[in-house]
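Accompanying notes for the structure given below.
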Amino acid sequence: MKAVIILGLVLLSVTVQGKIFERCELARTLKRLGLDGYRGISLANWVCLAKWESGYNTQATNYNPGDQSTDYGIFQINSHYWCNNGKTPGAVNACHISCNALLQDNIADAVTCAKRVVRDPQGIRAWVAWRNHCQNRDVSQYVQGCGV
């Protein structure tokens, strides 16, 4: 019985952690997926955005109690506007995607949705972390030494 309890505690302590990209690995992946220069946004800005939104973690989520929405994945894409989690009141789902798809280690769906986000008038300014940490700053460090 004691062994079962210990095993249960061990299993409870295991957290699901998605892929956490290395900076240059992410830069190369985003370039391959067509984000470098997309809508005039440099690759360095995309990598900066991902750093400050999720710490490059594909499984990152953040609940927003105000509107009962959740931000998902490497770009922290919001369930109120962009994806469907089946829980957010009045969700729009402009990317026509399940929010869970934004948590995959393969970030192709997240990139496709991010491209949809920046086609809106706010562009990359839709992300608060980009405005706070990347906008009007030298972001070249985010791709420096990556060969991209």
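Cβ atoms are placed via backbone N, Cα and C, with glycine included.
Sequence annotations record features per position, and here Swiss-Prot assigns active site to GLU53, ASP71 based on sequence analysis. Taken from Swiss-Prot, the feature disulfide bond covers CYS24-CYS146, CYS48-CYS134, CYS83-CYS99, CYS95-CYS113. Annotation comment: Swiss-Prot describes 19-148 as domain 'C-type lysozyme'. If you look up Swiss-Prot, you'll see 1-18 marked as signal peptide.
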List the Cα distance (Å, whole number) between CYS83 (disulfide bond) and CYS134 (disulfide bond).
24
Just to confirm: which same-chain residues, 6+ apart in sequence, have a Cβ under 8 Å from the Cβ of CYS48 (disulfide bond)?
TRP130, HIS133, CYS134, ARG137, VAL139, TYR142
Rank aside, I only need the closest one: which of the recorded positions GLU53, ASP71, CYS95, CYS99, CYS113 has its C-alpha nearest to that of CYS146 (disulfide bond)?
GLU53
Since the record lists CYS24, CYS95, CYS99, CYS134 as disulfide-bonded residues, which of them has the fewest other Cβ atoms within 10 Å of its Cβ?
CYS24
Pull out the disulfide-bonded residues from the set CYS24, CYS95, CYS99, CYS113 whose C-alpha sits within 10 Å of the C-alpha of ASP71 (active site).
CYS99
